[in-house]
Amino acid sequence: MLTFARQQQRRNVRWLLSLSLLVLLATLLSLCAGEQWIAPGDWLSARGELFVWQIRLPRTLAVLLVGAALALSGAVMQALFENPLAEPGLLGVSNGAGVGLIAAVLLGQGQLPGWALGLCAIAGALIITLILLRFARRHLSTSRLLLAGVALGIICSALMTWAIYFSTSFDLRQLMYWMMGGFGGVDWQQSWLMIALIPVLIWICCQSQPLNMLALGETSARQLGLPLWFWRNLLVIATGWMVGVSVAMAGAIGFIGLVIPHILRLCGLTDHRVLLPGCALAGAIALLLADVVARLALASAELPIGVVTATLGAPVFIWLLLKSAR
C-alpha cells in the first residue's frame, strides 16, 4: 500500500511538472506567433517592444488566466453537482454576464468605456449567482439547483437574443462576435480584470479538502462533518466571480470548463489536491494553443476562439470517451 501511494505521488508530481513545462512552451509560442514571427532574441528590439510587450504579452496573460479560471470552474462544478457534464455556462452565469454587458451597451448607447462594460458583465454574473444562492437557501437538492441554473441560463440567452435581434446598434451587433469568445481587444487597460482573477484562482486551488468531500456525494460529505450549505454557497460565489471576470475579458468560451477536468480525470488525476492545479495548468495550455490557432488560421481575420476550442476539443473528448469505455 505504501509503495502504491508513493508511485501515485510520483506520478502526480510528474503530471504537474509536465503541465508546467507545457505552459512555458505554450507561452513562448504565443509571444512569438502572429502576423510577424518574432523570435525571443528580437524581443528587446523596437519591433519587439511594440508587438511582444504591448500587444502579445497582455493578451497571453489574459488567455492564461481565463483558461485556468474556466477549467477550475468546471472542476468545481463537477464536484459540486456530482455531474461530469457540469461546466461554467451550466448555471447561467456566463449568460448572466452577457446580459449585463448588453444592458450596459443599450443604456450607455455605446458611450461607456471598456472598464465600465467589464464591471457590468461581472455584475450580471454575480446577480445570477445571488439568485442561485437564493435557491440554495431553500435547501434545494443539488439536482434541483442544477435545473434552476439551466433555467436561468435559458432566460438570459433569450434576453440576449431578443436584444440583439431588434437592435440597430453596430456596437450591439459586434457583441454577437464577442460572445463567441476572443482576446483581440485585450491590452494593458484590462490588467485590473487579470488582477481580479488571481486571488480567487489561488484560493480555489487550495480548497482540495472540501471538494474531495463534495465529490463523494452530499450524504457522505455531511457524515464527514462538512458544512454543506456554507461550502456550496461559497463555491458558487467564487465560480460566479471567475466566470464573470472571464466573460468580461474574452466573451463566452465553451469546452474548456467541460472537457479539461474530464480529460484529467480520465488520465487518472482524481484527487483534487492534484486535479485543481492540473486543471489550471491544462486549461491555460488548451486556451493558449486555441488562441494561437485563432490568430494564424486566417490571413485577413481572426477566428472566434470559442469556435476553435469546440472544433479542436470535441473530437479529442469523443476519442477519450471511446478509449475509456473499452
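Here the Cβ of each residue, glycine as well, is placed from N, Cα and C on the backbone.
What Swiss-Prot annotates here:
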- 15-35: transmembrane segment (TRANSMEM)
- 61-81: transmembrane segment (TRANSMEM)
- 88-108: transmembrane segment (TRANSMEM)
- 112-132: transmembrane segment (TRANSMEM)
- 146-166: transmembrane segment (TRANSMEM)
- 184-204: transmembrane segment (TRANSMEM)
- 240-260: transmembrane segment (TRANSMEM)
- 274-294: transmembrane segment (TRANSMEM)
- 302-322: transmembrane segment (TRANSMEM)
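Contact between the transmembrane segment (302-322) and the transmembrane segment (240-260) is supported: at least 3 Cβ pairs lie under 8 Å, counting only residues 6 or more apart in sequence.
By the Cβ criterion (under 8 Å, sequence separation of 6 or more), the transmembrane segment (88-108) is not in contact with the transmembrane segment (184-204), since fewer than 3 such pairs are found. The recorded stretches the transmembrane segment (240-260) and the transmembrane segment (15-35) do not share 3+ CB pairs below 8 A when only pairs 6 or more apart in sequence are counted, and are therefore not in contact. Taking every recorded stretch in 15-35, 112-132, 146-166, 184-204, 274-294 and counting its Cβ pairs under 8 Å to the transmembrane segment (61-81), the highest total belongs to 274-294.
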